[in-house]
Amino acid sequence: MPVQWFRKLAPLILMFGLFFGGVTPVFAHDMYLGGSEWAIGKDRILFTIDLDPAILQQIEAIKELGDLDSLTDEQRRKMETDIVQPYMNEKLSVSVNDRPYPVTVEKMEKEGTVWRTWMKASDLRLDQQDNKVKINYHLLFEETNNQHVSIGYIYFTDADDDSVKKVFDYSQPDLMHTFDSSHAVWEFSMKSKAAALRSQIATFLVLGIKHILTGYDHITFLVALIVIGLSTREALKIITSFTLAHSITLLLAAMQVITLNARFVESVIALSICYIAVENLFAKQVNYRWLVTFVFGLVHGFGFASALEELVRGKSNLVLSVVSFNVGVETGQLIIFLILLPLLYLIRKKFSIRRVTAVASIAIFVLGLIWFVDRVFNLQVIPF
């Protein structure tokens, strides 16, 4: 009997294994995420590019240097001149009114956990009534299989010397552009601010969708909630509850009204997965699941906010960015439910609901426990 039982459920086990196990590091939340700031002055563009050491070392010549923190000043300068400058010459270009200008690497330095590269394009001629600035950004696309994303913040200033860099400390960005393999070129004229605002909305909308679709812990939590065979009405109550909860904390955290340690939040998210799985297995009746979902949804909202924190710079258009990101998350969540609900309905027609719930919940509990241990002890073994 146990053998027959296992054979019947083997396809279901395989489905969950493929769904949750077939993941590579490329599709982690950060997606090789970096940041950049671009200050456009009267006669120059000063910009910085921030990259995590692990991303920077996707460049083979930099990887061969080993631990970047142990480099001497002389070795770092040699890296700037012999490796980074030629690489930038090949992968990055700036032009104004269709005239290209050389880009110079000024220095590289460690800023917190990232490496910041200071660069400049100088002696620009921004003397037309409607100046067109164009940036071609092709850094790290080849090295990361087109998974690198750089959130670019653009500032406009009247400075005509290197004090333009102060704009990074005291100003809010005027515009934002996401440099990725599909949007490697940014073009702007002073007449296109409305289009830039629409682009910002679209950017955060897409990033929200990507985040939830690659947020395997959030997806696992959603599967655990509905695998017990809820009615359509109960499923809608849960979806609404989760949406309201994480929308509240996402906005509060993004506005820095409430802040929590990211590692703590991620660990509690893993625990929430384990709790729902255990409840599925042992509770005779699952009452008030919508309320439990709301409580844990508040925690998941902080998880979404930790991802958004890397993307939002300053307070300009903050609410618009947060709302756009949240709409993207909801869109991705709706896609997940539209796939899962019919799939679970078909599975339940072939297998008993108790067996489906048992197998799925055991798999979900194990996955949640692995995530919890990995996050509490900061092992960083799990790539997703």
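Backbone N, Cα and C atoms are what each Cβ position is placed from, and that goes for glycine too.
Taken from TrEMBL as is:
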TRANSMEM  201-228  transmembrane segment
TRANSMEM  235-258  transmembrane segment
TRANSMEM  264-283  transmembrane segment
TRANSMEM  290-308  transmembrane segment
TRANSMEM  320-344  transmembrane segment
TRANSMEM  356-373  transmembrane segment
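The largest share of C-beta pairs under 8 angstroms with the transmembrane segment (264-283) comes from 356-373, of the ranges 201-228, 235-258, 290-308, 320-344, 356-373.
Using a cut-off of 8 Å between Cβ atoms, the transmembrane segment (356-373) and the transmembrane segment (201-228) share at least three residue pairs, counting only pairs 6 or more apart in sequence.
Within the chain, the transmembrane segment (235-258) has long-range Cβ neighbours (under 8 A, six or more residues past its boundaries) at 222, 225-226, 289-291, 293-302, 304-306, 308-309, 312, 318-319, 321-322, 325-326, 329-330, 333, 337, 341. Proximity of distant same-chain residues to the transmembrane segment (201-228), defined by a Cβ-Cβ separation under 8 Å and at least 6 residues beyond the stretch ends, is recorded for 20, 23, 27-29, 31, 176-178, 235, 238, 242, 266, 269-270, 272-273, 276-277, 280, 286, 289, 293, 296, 300, 303-304, 307, 311, 320-322, 324-333, 335-337, 340-341, 344, 353, 356-357, 360-361, 364, 367-368, 371, 384.
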